[in-house]
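Colleague: Okay, handing you the structure first.
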Amino acid sequence: MLLPRHHDPIVAIATAPGRGAVGIVRVSGRGLGALIEAVCGRALQPRHAHYGPFLDAQGEAIDQGLALHFPAPHSYTGEEVLELQAHGGPVLLQLLLARCLEAAAQPDARSGLPRLRGLRVAEPGEFTERAFLNDKLDLAQAEAVADLIDASTEAAARSAGRALAGAFSQQVDTLRDRLIELRMLVEATLDFPEEEIDFLEKADARGRLARIAEALDAVLARAKQGALLREGLRVVLAGQPNVGKSSLLNALAGAELAIVTPIAGTTRDKVAETIQIEGVPLHVVDTAGLRAEDDARDEVERIGMQRSWGAIGEADAVIFLHDLTRAGDPGYDAAERDIEQRLPAGVHVLDVHNKADAAAAGAAALAPQALRLSARTGEGLDTLRRRLLQLAGWQAGSEGVFIARTRHLQALQATAEHLVRARQLADRADAALDLLAEELRLAHDALGAITGRYTPDELLGDIFSRFCIGK
């Protein structure tokens, strides 16, 4: 459900925990005037930065800094907002937070009433929730605030910035408007069956549906790119012991993350690292070596192989690593076939043949899609990076990509499915207009869930609870 008591005035430290040059305490609510005078010692001119002391209950300065007052509705939350920009010490900011709560509860000298009744510390995400409730942001923009804060790459940050500026929402709203127009035509045909004019034929309903579906496909493609920037791709390195999985992880990461020795079975557990390729995060997992029929040499290796298979089952892609120097060995080749047969269906597998620098000249020819590289020298690594991006569906230089989440993709895909059924109904000679109208309504509602127009309260509460306090 929605966060509770969203009419109460709220206060929180808006900057990250820890020491810094500047820290901010933010207050949002109605009627902040008496609180402002108590803490700042004077009224503040709206939307101007005022330098001066922040006062305790005895009128002594706690600190000096900037105070800014934003009257409603011209603020982040759409309510009246006060921001106190002080020095960024954790103890100092807690003092200012406590002072705001204390001053709010004390009676105003003129009215005798509390200066700001009900002021409380904000819940996580409550400032942004109020911005959503007061129509300052739609839901996709509100989520983009959190994604911008959490962005781990420049590309993700820029895409989140586009979503915050409304790039995603505008495209969704355009689709919704076109669906509304078509729904009106269908409803008119249902409501006035005696009219000689066929509203659907006159308005080219089938053509409209096709054009809406085409536009939706374009938005979905951009959303998939944005989701990739946010979520990344989980890639598992798999193969027999001592084929160079840890060396490849180190080469891709550009750092010595995993222990590398000539001894087979050095890696006994998963080692994970997030790397970036052209701004796309890849979560690469190095796993313990696999053996034919899980023929472990000891209990530790058996557990390690179990975890390796578990990681493979959760992967978006598997780099199945082979050792070129051992190709042709009967025991090695038999184990390769056993492992390959046990790889789960539906997982993308890249066949990568390592140790090209040490392989004998004239080594066996590889399959057309297989890659040949050397984790030690770096030969073939750029080709592997490009293949991983292709596998992820990333298109270099994509324009207008906005950040997107899994729920956005699900909503867009649901919309597409309803449009497919709507087009099938519209193409029938005996089209059931009531069924067509229902499919259009469901498509319309699915789109509305992205921006928050038709979103259950439970989902809203879950979204905003994931924000940091003060945002």
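Including glycine, each Cβ sits where the backbone N, Cα and C put it.
Computed from a predicted structure; not experimentally measured.
As listed in Swiss-Prot for this protein:
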BINDING   Arg26, Glu83, Lys136, Lys471  (6S)-5-formyl-5,6,7,8-tetrahydrofolate binding site
DOMAIN    232-393  domain 'TrmE-type G'
BINDING   242-247, 261-267, 286-289, 354-357, 374-376  GTP binding site
BINDING   Asn242, Thr261, Ile263, Thr266  K(+) binding site
BINDING   Ser246, Thr267  Mg(2+) binding site
Colleague: Looking only at Cβ atoms, how many others are within 10 Å of the one on Arg26 ((6S)-5-formyl-5,6,7,8-tetrahydrofolate binding site)?
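Modeller: That number is 25.
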Colleague: So, three-state DSSP: helix, strand or coil for Asn242 (GTP binding site)?
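Modeller: Asn242 (GTP binding site) sits in coil per DSSP, no helix or strand.
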Colleague: Using DSSP and collapsing to three states, where does Ala288 (GTP binding site) fall: helix, strand or coil?
Modeller: coil
Colleague: Far apart in sequence but close in space: which same-chain residues, 6 or more away, have a Cβ under 8 Å from Lys355 (GTP binding site)?
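Modeller: Expected: Val243, Gly244, Asp323, Leu324, Thr325, Ser374, Ala375, Arg376.
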Colleague: Once the DSSP letters are reduced so that anything not helix or strand counts as coil, what is Lys136 ((6S)-5-formyl-5,6,7,8-tetrahydrofolate binding site)?
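Modeller: Coil, per DSSP.
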Colleague: Of all the binding-site residues given, Lys136, Lys245, which has the fewest Cβ neighbours within 10 Å once its own Cβ is left out?
Modeller: Lys136
